[in-house]
Amino acid sequence: MAFRKSNVYLSLVNSYIIDSPQPSSINYWWNMGSLLGLCLVIQIVTGIFMAMHYSSNIELAFSSVEHIMRDVHNGYILRYLHANGASFFFMVMFMHMAKGLYYGSYRSPRVTLWNVGVIIFILTIATAFLGYCCVYGQMSHWGATVITNLFSAIPFVGNDIVSWLWGGFSVSNPTIQRFFALHYLVPFIIAAMVIMHLMALHIHGSSNPLGITGNLDRIPMHSYFIFKDLVTVFLFMLILALFVFYSPNTLGHPDNYIPGNPLVTPASIVPEWYLLPFYAILRSIPDKLLGVITMFAAILVLLVLPFTDRSVVRGNTFKVLSKFFFFIFVFNFVLLGQIGACHVEVPYVLMGQIATFIYFAYFLIIVPVISTIENVLFYIGRVNK
């Protein structure tokens, strides 16, 4: 027996990335998982090295980031890799989730796999927000103020929760210090959840574009899919390097190069681009409490998909109606992101409300109705044969 199979530790590696049987029909959309693993490693490694030079004291936080940029050897590469790496992390994560939605990866028997993925998504959003606050520029300070103030919408105990989060009466030194501590901790929790994600994947294996069982035609992970993954890894590294070295601030906000000042409110307070769709959903509801509930529901609604999709066929590969409404949903999500970056004024308020309705309607109305209609059409087509 090969040593990689007999050794208790290497046998785990072997069963996941060497001899793991994969459906022969999977396409490049299945490469997003390996890219997400690469992104997580980049973020953790660059974050650890940056933490060696960063100070979480509110008087020193902004200056310590500039110290990393100016004085630390290759510090600017660390900072720009970390900042742009976060944006690319979310780009790939959105594509990974879109693949799951399109190909029905949330369907039984992979419901646990999907649910763990949603938890990873929530933890990643929290980590990104905490890290954005650690820079303590203008947008960091006011972003922290706005988002933490959302908890004040909770009846009776909301204001106490906000004061507890702040560690005082406003965003101050205790806030940034505890945010940094959590920002350092949560990525390791994400790494643990990724291991759980892989364990859940290993039970039933990967799905495939055809939506049928792949047990009849599987090939080993190595060397076929390892080299296939390397194609997108090198392409990803090339595009990331172009941003890091030639356009490092394109995905950021210029106001965050101004030290945080609680006495000066920016013209517009917007989060990073990857949180804009959920920010638009929050702002589309006039009532504060309902807005907060709706924003969190926009993420948690992903958990109901395994139950609202009633189709007898997994995925949208052979379903024309489902394809059409899926791309409507994608367009609507991009539109929400654009609206989230706009001021709260006519016509963006009404557009945001319509887009929010379409977002929830897709999961709760469109998917169950269309899947039922397609089931009837499949049945009619089979009977007529």
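The backbone N, Cα and C atoms fix where each Cβ goes, glycine too.
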Can you check whether Swiss-Prot puts Y136 on the same side of the membrane as N261? yes
Among 111-135, 173-204, 224-246, 288-308, the most Cβ pairs under 8 Å with the transmembrane segment (75-102) come from 224-246
Taking 3+ C-beta pairs under 8 angstroms (sequence gap of 6 or more) as contact, is the transmembrane segment (224-246) in contact with the transmembrane segment (28-51)? yes
When the pLDDT values for the topological domain 'Mitochondrial matrix' (1-27) are averaged, what is the result? 90
Between the transmembrane segment (28-51) and the transmembrane segment (288-308), do 3 or more CB pairs sit under 8 angstroms, pairs being 6 or more residues apart? no
